[in-house]
């Protein structure tokens, strides 16, 4: 036992090595491993928040990998939005000129959209609508900043138990500047083929547009509807075959604009194919959703809507107002001046160190005044050894230490620009976020109430619609109303977003995570089976799942993730759009997730 504990302590000490900021975080567990390094769940002892800390090993071993990491940390600092994953901090290295590893502190997310789709065949129309709404909202913000993600796929969209989605992994993203060749042709495009726009399959167009991300979102949404990838091509030719099998052969003027001669010849010689009606391909989907999906998947990029136009589609009529969705100022060309130069490893090290200092304002000021003198900080190994020894003695029951104030604050954009909010406007429903749920029920058998911070006993869970044997899922999370719209102007530092949707109404769906124990799961399953069936039965999606290809190194194998689609307010009260605003889900047995920068 003692040797095991010593081995554990040694691993934890090796995780942080000599990084001074390590004193601030208490490691909980390793949640992901890969060729890049390790991801750990931890507690921020200054705030009490749970975070994910990604250690990226040997950042400067390859210049291309170092550039990708630099690009991503810079973009995530500049793009602050509730639907984009947030870097909370980057730990300060012990030396400016000698550090090899970096530690990036993210907000902790329980799963990703790939796992949600893979493990659930009972997602409702309300889930479909809310998922697409969040993805398009993130795209609108990115595209107004002239940023193209270029690698959107379910594994790069993180998910929480309350159905909150956040886009991550900006390593392949690019900023478009009108006077640079990067907006004309990108030769380094290596994104996942299944979600790649047709104009990228053969390098069709002479100039790429934000429509490449719109296509990817369409493919992801189709996968949400059916539970399996829409175009799982095995090669570029096979990919084009699958696309044309559904959409039909493109128009002659579209083919004429194809850049790649072989691809152009292949499409011209292809037999005539007709468009397959989307109602036939997706028989259980909302007709309004299919009409929007068909626009997102237009073969010609000029025929696809922008993210803002898609948000204005009748499919989202009562979910939010497009004019209130936040936009971002275009990113300055100077931020990505390094993309135009040939950089050495030392150059990139200097630039990454400069990005790290953005999360340490006082040190950044000192650094700028001293023209780049290095900073050395004492090792945190002794402090961590005491923490883990204390946890072992107390069986891990110690609570986080929460000082009243944070010592450092990051330096993102000071504000996100959005239209003014009328103080006399109708009270709004929080359509994108809800209060976080507790990871497990308290020892006294109560869960926090999201409406008034009161507690209530846990009752037997309701029967899960379309439940499977041995599968236990609880109910869902609350959406909180905000009665003071004067405070509802968008703030980039918060993850709440308010939209004018419904009259003020508090909903208490009582969501909590079940502890991952077999005995409790069996007991809950017995109780759930004894309850009467709810009136609302979600639409069943295709349960067929494809083989999992190209597994994400950040995501470990896991049990199924469960989602309960039960709505607590009948659709007759608010109508389908109102029901969409309160559709949420609860996950169990959550595995590790990725945060980009592979």
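From the backbone N, Cα and C atoms, a Cβ is placed for every residue, glycine too.
What Swiss-Prot lists as domain 'Protein kinase' is 25-316.
Positions annotated as ATP binding site by Swiss-Prot, on the basis of sequence analysis: 31, 32, 33, 34, 35, 36, 37, 38, 39, 54.
Annotation note: residue 151 (active site, proton acceptor) sits in a coil segment as assigned by DSSP. According to Swiss-Prot, the feature active site, proton acceptor maps to 151, an assignment based on sequence analysis.
The phosphothreonine annotation in Swiss-Prot covers 187 (among others) and is backed by similarity to another entry.
Marked as phosphotyrosine by Swiss-Prot on the basis of similarity to another entry: 189.
Within 10 Å of the C-beta of residue 192 (phosphothreonine) there are 18 other C-beta atoms, taking all protein chains into account. Annotation comment: Swiss-Prot describes 192 (among others) as phosphothreonine.
If you look up Swiss-Prot, you'll see 396-486 marked as region 'Disordered'.
Swiss-Prot lists 414-425 with the feature compositional bias 'Low complexity'.
Counting in whole angstrom, residue 39 (ATP binding site) lies 21 from residue 151 (active site, proton acceptor) by their C-alpha atoms. Following the DSSP three-state reduction, the secondary structure of residue 35 (ATP binding site) is coil. The most densely surrounded of the binding-site residues 31, 39 is 39 (count of other Cβ atoms within 10 A of its Cβ).
Summary: among the binding-site residues (33, 35, 37), the fewest other C-beta atoms within 10 A of the C-beta are counted at 35. Counted within 10 Å of its Cβ, the other Cβ atoms near residue 151 (active site, proton acceptor) come to 22, all protein chains included.
Across 31, 32, 33, 34, 35, 36, 37, 38, 39, 54, which the record gives as binding ATP, the greatest C-alpha separation is 14 Å. For residue 151 (active site, proton acceptor), the nearest of the recorded positions by C-alpha distance turns out to be 192; the candidates were 31, 33, 35, 37, 192.
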